[in-house]
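Taken straight from TrEMBL:
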DOMAIN    1-306  domain 'UvrD-like helicase ATP-binding'
BINDING   Ala20, Gly21, Pro22, Gly23, Thr24, Gly25, Lys26, Thr27  ATP binding site
Amino acid sequence: MNDQQLRAVKDPSQFIQINAGPGTGKTTTLAAKILYSQIELDVPVSNMIGISFSRSAKSHLLNKLEEFTDLLGYGGRPSIFTFHSLAFRIIKKAIELGDSKFKEYIDHVDTEEFISYNPNLLKDLCKEYNDAESKKQALCEAFNRARQGNLLYGPSLSWTDVNEDEIYHIPTYVFGRLIVKGKDLKEFWKRVDKIERKSRVTDYNGMITEAINILTNKGKTYDYFTELYDYIFVDEYQDTSLAQEMLLFSLLSNKQHVTVVGDKNQTIYSFNGSNSYNLNRFLQKATELFDSEPTKIILSRNYRSPQQILDVTNSLVHEEHYVYSEDRTLQLPVVVETHNYHLASHYISTEIERLIYQEKVHPSNICILYRKNSEHSPQADSVKEQLNRLEIEYTEEVSNKKTEITLSQKVLSFQEENQGEDLEDIIDTIKDERTKQFVRECMSDGASDAEDLLEYVVELEDTEESSAPAQGESIHIRTVHSSKGLEFPYVFILYLGDKDFPHSSKPDIEEERRLFYVGLTRAQEQLYIIGKRGLHYESFLDLCLLNEVKHVLHHTYKEESRTYGFSEDDKELIDKSQQKQDRLLDELEDLQDLFND
Ligand SMILES: Nc1ncnc2c1ncn2[C@@H]1O[C@H](COP(=O)(O)OP(=O)(O)OP(=O)(O)O)[C@@H](O)[C@H]1O
């Protein structure tokens, strides 16, 4: 470990915030600190917990811990939860101790599913919307944001917090700006609350809200958990919502030691409630609430990417800059300018062919990242088509919510059929390999009977992209969101340009830039950035070109005529779009001149 990492591991402060950029050993340091606390400070593993943002972040941390324990020959692994599975555990305990609004076991559902429990849920609400679907979207969006902490002033724990006279404006990616009246939201929330109690169901944000309610009442459940946990470690803190921050602080009495790790430049789930300010506020909150002297530690040495790549990635972030730990000179990052994503995928497949057959790069060392904008990505399809043409194999890690729900449904039905059974006795009866593998993971994490599986199913649906670790022998194709925490020697990132990346006609540029940053910082040896110049928004391609990079133009007829993928019609279209772009650029320049004059 380097000096900064060692300091973070050994610092005895009650509250520690580690700010660490990509590849600086964030997870490595957290794993080392967990072991240090056990071995040097004699903290029993049962008195510590880890909290991570997603299942992939959790498995990343567990793998690192295992690596260290194998090396040392001793050390245990603490329970690692996601915020939702922790909330589920708190509610479960509170039901047992009579502290929860739920009197018996709960099930979790999607917010929209509440309607299936009571079709009258929307009756007479949001009359300004003509159709039931829009009403549902608007109310669910407002309801979720209120509980995450992004609608009212901080997280709301009950409908009583909603101001009837207020009108809430909610900007969304998919539906544009939604408007919901306070009185409708309040009535909706009241009705949902009834359904929750009657049907013993709640949704994801409902779990967090109920867990906070339970702990802030400071009853037996609060005593139980504050007695149990002495050391708490939180990974990816920049992606927590205000409600999750509140849950963490309500879990504390005066004795816990808390370490949080994060990188505000990697906040990419704002649309899901993440609030990067939580990281900045952590120390201040700890000082105010517990009168302690917290410590902030910065890890600035990057062990992943050579300086040439870091120069590009550093230029995208405002404050923190990272330096490479070794003096390794590799090739310059490549910025490829093309007209459209068809040409981009053509460039990628040709370059990959060269890498594999001439440079002898192993296919599993190559990853293609794209900015997902819908369930179905034409960009990824175009790349796959070109790779198929060259007979190059790839693995597409689409671990989206849909496939995970199928797995969670399988696990749930297995759980229901085998209630009260020991997992050890029934694991061999599972036919579906993925379910079996999942149950095995749960068992190695401490699950012993079928009922314990519920807690882990909560994790399955936790984030939209609960990305699986990269596996397999062929090229990886992934979304940028799902690449978080991973690294690959060769990374291609496509496709930059207005409405593609930054995405949408009204992009949240800062969030898009952070997403771009996450994608770029996955590269260990060579980085390819592919796209066109933007006209309407900040152009990511132009930003990259300001650094020392290799600039490739992939749109001359000479090159296209050598390709298979472009018909005469395509070429004509490309030519026209180039002429249009040139014309627009000329107009823009004229306007700028006029403005300067
Ligand atoms: N002190 C060190 N010496 C050598 N290698 C290190 C050191 N610290 C970390 N590494 C290596 O650097 C790589 C990145 O580490 P790690 O995954 O912990 O970074 P991270 O900060 O969690 O990254 P990300 O933000 O992308 O999730 C790993 O391969 C790790 O083994």
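For all residues, glycine too, the Cβ spot is worked out from N, Cα and C.
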Gly21 (ATP binding site), number of other Cβ atoms within 10 Å: 26
Number of other Cβ atoms within 10 Å of the Cβ of Gly23 (ATP binding site) across all protein chains: 23
Cβ-based neighbourhood (8 Å from the centroid) of the ATP site, residues Ala20, Gly21, Pro22, Gly23, Thr24, Gly25, Lys26, Thr27 excluded: Thr28, Asp263, Leu299, Asn302, Tyr303, Arg304
Arithmetic mean of per-residue pLDDT over the domain 'UvrD-like helicase ATP-binding' (1-306): 88
